Amino acid sequence: MMDIIEYQQNITVQYCFPDNNSSCKKELHTPTNLLILSLAAADLLMGMFVMPVNIVQLRDSCWYLGNIACTVITVITFVSMAASLYSMVFIAVDRYIAVSDPLHYSTRVTLYKSVLLLILAWSFCLLYSIIYLYFNDHLLESQISNSCYGECVVALKKPSIIVDVILFFLAPCSTILVLYSLIFILARQQARAVRAVRNGTLKRHEGKFSNSTETKAAKTLGVVIFVYLTCWIPLYLSSVLAESVTTLSVLWILFAWLAYLNSSFNPIMYAIFYPWFRTSVKFIVTCRIFEFSSSICNLFPTNV
């Protein structure tokens, strides 16, 4: 069920971006939305390939598709997880620049730079995954259960796990925490600056509004960070502390699924807050997307 929900959510996010979709305006083709598209693409890979295979393996650990298919699925797993994490980091960087330097944001963050950054990031994730698997051998025959012929299992070595934790947990996690903390601090400072230039009754009302806005921003950032940490800490912590780790270990499977579920939460956290996205969802859910008028719908009213 979660696999289907995740697939639908990420398909919905991606629907609004392609150039051949006439129902979407050029306003959607921005660096921020491109980063969200990258996040949705990574999460979609997780929902289309990784989750279905892992669901089957929960019922039967035997692997009948051969070594090549096993390697391909394992690479897709690592690439989608890594790309999803670093897409979240890029979104945090993008939002920080937008808040800290709004006047120069359009020149510092361009569509071309975003595309180039994402190409490099996805290429790095793919290259790292291949190297990671090269140094982490598949289990020997003596280590494989005799209950069936063939298993798609990777034995994770400690040095590789430590490198993986640094590159794909500590580094992105620290970056996200620091940037979102700075964003919240800057938002508070800007709100105080606005209140400082107000006077009389307007000042008091503005203060209440700003406090409400700050509270809402704090809750949003808190949810993003809490979900991120909740989904990823158990997997990496168990990998580091366990004496031996394989991709069929009970703890690894349990915590890996928790990390997979983060891909289901991402569309909600990063896209559902956008008014244009909520409008698009309404069109899709109510089947109005099949009407001719949907091709000319205005997702950006002039009064917004």
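Note: Cβ is positioned from N, Cα and C throughout, glycine not excepted.
Annotation source TrEMBL lists domain 'G-protein coupled receptors family 1 profile' at 9-270.
Per TrEMBL, the feature transmembrane segment maps to 34-57 (among others).
The transmembrane segment annotation in TrEMBL covers 63-93 (among others). Distant neighbours of the transmembrane segment (63-93): 32, 35-36, 38-39, 41-43, 45-46, 49-50, 53, 57, 114, 117-118, 121-122, 125-126, 128-130, 132-133, 138, 150-152, 154, 168-169, 172, 175-176, 179-180, 183, 228, 232, 247, 259, 262-263, 266, 270; these residues of the same chain sit at least 6 beyond its ends, with a Cβ under 8 Å from one of its Cβ atoms.
Beyond the ends of the transmembrane segment (114-135), by six or more residues, the same chain brings 31, 34-35, 38, 71, 74-75, 78-79, 82-83, 86-87, 90, 94, 154, 157, 159-160, 164, 167 to within a C-beta distance below 8 angstroms of the stretch. Look at TrEMBL and you will find 114-135 (among others) tagged as transmembrane segment.
The transmembrane segment feature in TrEMBL is assigned to 165-187 (among others). Outside the transmembrane segment (165-187), and at least 6 residues removed from its termini, the chain residues within Cβ reach (under 8 Å) are 81-82, 85-86, 88-89, 92-93, 95-96, 99-100, 128, 213-214, 217-218, 221, 224-225, 228-229, 232, 236, 239-240.
TrEMBL lists 217-237 (among others) with the feature transmembrane segment.
Taken from TrEMBL, the feature transmembrane segment covers 249-273 (among others).
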